[in-house]
Each structure stands twice: as structure tokens, then as C-alpha cells.
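Shown next, in C-alpha cells, is the structure this report addresses.
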Amino acid sequence: MIDTVYGFGQGLMGGIWPATVWPVLWALIKIVCVLLPLMGCVAYLTLWERKAIGFTQIRFGPNRVGPFGLLQPIADALKLLTKEIIMPTAASKGLFVLGPIMTIMPALAAWAVIPFGPDIALSNINAGLLFLMAITSMEVYGVIIAGWASNSKYAFLGAMRASAQMVSYEIAMGFCLVVVLMVSASLNMTDIVMSQAKGIAVGYGLNFLSWNWLPLLPIFVVYFISGLAETNRHPFDVVEGESEIVAGHMVEYSGMAFAMFFLAEYANMWLVAILAVILFLGGWLSPVDWWLFNLIPGWIWLGAKTFVVVTMFLWVRATFPRFRYDQIMRLGWKIFIPVTLVWLVVVGAWMQTPYNIWK
């Protein structure tokens, strides 16, 4: 279908514009078609978070703006758009502006290689997983720059905490991705999903038992918890601990500059969740080979699984207390990294035996 639309547009525009115009215009259309729904999901994730936490605390959550509070994200966006951006007198102005930009850009650029179906992706490159590992590691620079440029000891302390935490858990997440790379034998995101469509359980119609979450369960657990820490989500949110340093590296920001950090955090939540679905939960594949399930489009399965993973993020926030900073560092360096290294060796040895299930 996408190829049909592209061919139609090329034929329509070919006689009007030079041949190089339509590919550029088509790329812009695809970017808009990904970013606009993403921004909508980010906005309404804030509402779902407040509603879900309200449910766990036996209260309603936002219910005043629009029916059932459905217009609350729009009201929040308008509030942030109309607020003044105040720059501290002693701040480094260029870096102060650059910090939020460098934080949100990797969170958006990473979606370029995320497949929403077998043939639905902005760029279906063979090194998609490598691109993701590289681009997401750039976000830590925005955090450091924001803390340094604010010329505030509170912002600087928050930036040091955030950067140390992000770097620590990036290592464990990187090893998790390497294990998935080993069993899939590909860096292509689509190939990783399709590699989960084969196995003994598939022959019995139980597709979900052939996905990577089961044989790589320890890696899946480490990835999920590391994703919480990487995005500075509860219970790893010491960066913006309300009782300590308020908003961490964002403490001197206001208006849309603050909103860009906010958007980056929630866009990263969606990114970590959809990556968990693609790498471990079969992506757009149906969990059971049943004719009724097979009628459901793959992108709906992908969205439903991603929504469940994101909801698990919110459930963790509603139920667990915040860890101390030393506990977070100990968990990352003394538990997660050794576990992923050991499992990397175990899976490598497993693949060399006659019991290799990933052939």
C-alpha cells in the first residue's frame, strides 16, 4: 500500500516538479506521519499516567477539563506555551538553549528506524539496532550541558546524578541488545521481529512462546528495569526527587524549554516500550495463531503490546518507593552488568549446542 501511494505521488508530481523533489517531499510526509501521532501519544500518556496513579490511590485523577478530563493535555500544552522562558543572568546563553534541543532530538531521531509493520518504517536500514544504540547515547550530552549552562549548583548536581545514572544503565541495556543481536543474527529491526516467528511453539499455534522474552527472560527483566533507570522514571527518579533537588538539571528552565525535557522523557518511555515489544515480545506478530487474531492488523498488535509495557512503567511508579542513589548505582554496576555478561556467555554457549532453539 505504501509503495502504491509513493508510486502515485511520483507519477502525479513527476510532470510538475524535478525528479528529486518528490523523494524529499515523501520523506517529509513520512516524518510528519510518525512525529504527529508520537506527540499525541506523549501528551495523552501524561493523562493516562495521572488517571492510572489516581486509580491506585482510589481517586479520580484529572476530570475537570473536557469530558472525563480528556482535554487536560491540551490545557497543559497551552499553559506551557504561554509561560515566559526565564534565563538566569549568569547562565551560558548559547548552551542554555542547546541543552533542551540536544535532549529531545535523539528521542525523536531514534524513531526513524522503528518498524510499525513488515514494510512500515521511516528507514528500514540493516544497522537499525546499532543506530538506536548510538543515537540514544547522545541524550546524556544534553543533560550535562543543561546542568552546566544553568550556572546553578542544584542544576549541576542534578546533571551529574542524571548523567552517571544514564551511563551506568546504558551499559546493561547495551549488553541486553547484544544478546538479542546474537540470537537474531541481524541488526535489522524487521529481521529481529521475523526471527521470533519461528520455533517449536509456532507449530502448535502458540506464537508467544517462541518470542525472545521466554528464553531470554533474565535479559528481558534487566532491559525493563534498566529502561526505567535510563529514562529517570520512578523508582529511579532521584534526579528530580521532590524532597531533595526538585527538578534536577531542569530546575532553571521554564515554559517550552522545560516542556522539551518533559517531552523527551515521555518520548523515551514510548521508545523503550516499543523496543521491548520489538526485541522480546514479537513486535507486530499475533500471540496466537487463531483466525480471529490473524484478522487484526499487525500495527494494532504492536500498539497494544506497547501500551501494556508503558502501563507497567506507570504501575511501577504507583507502587514502589524511590531508591537511594547508592542503591541505584550498586544495582547497575554490581548486579545488572554481571548478570548480562554471564547471560551473554550462556546464550553464546547455548547456540553452539545441539539444543540451539534459534536455528
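Each Cβ is built from the backbone N, Cα and C atoms, and glycine gets one as well.
Swiss-Prot annotations:
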{"type": "TRANSMEM", "residues": "16-36", "note": "transmembrane segment"}
{"type": "TRANSMEM", "residues": "94-114", "note": "transmembrane segment"}
{"type": "TRANSMEM", "residues": "129-149", "note": "transmembrane segment"}
{"type": "TRANSMEM", "residues": "167-187", "note": "transmembrane segment"}
{"type": "TRANSMEM", "residues": "208-228", "note": "transmembrane segment"}
{"type": "TRANSMEM", "residues": "261-281", "note": "transmembrane segment"}
{"type": "TRANSMEM", "residues": "296-316", "note": "transmembrane segment"}
{"type": "TRANSMEM", "residues": "331-351", "note": "transmembrane segment"}
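Put simply, of 94-114, 129-149, 167-187, the stretch with the most CB pairs closer than 8 A to the transmembrane segment (261-281) is 94-114.
Against the transmembrane segment (129-149), the recorded stretches 16-36, 94-114, 167-187, 296-316, 331-351 differ in Cβ pairs under 8 Å, and the greatest number is found for 94-114. When Cβ-Cβ distances under 8 Å to the transmembrane segment (208-228) are tallied for each of 16-36, 94-114, 167-187, 296-316, 331-351, the top count falls to 167-187.
Under 8 Å from some Cβ of the transmembrane segment (331-351) lie the Cβ atoms of residues 165, 168-169, 171-172, 175-176, 178-179, 182-183, 216, 218-219, 222, 225-226, 229, 323, 358, all in the same chain and six or more residues away from its ends. For the transmembrane segment (296-316), the list of distant contacts is 45, 48-49, 52-53, 56, 116-118, 120, 224, 227-228, 233-235, 269-270, 273-274, 276-278, 281-287: same-chain residues at least six beyond its ends, Cβ to Cβ under 8 Å.
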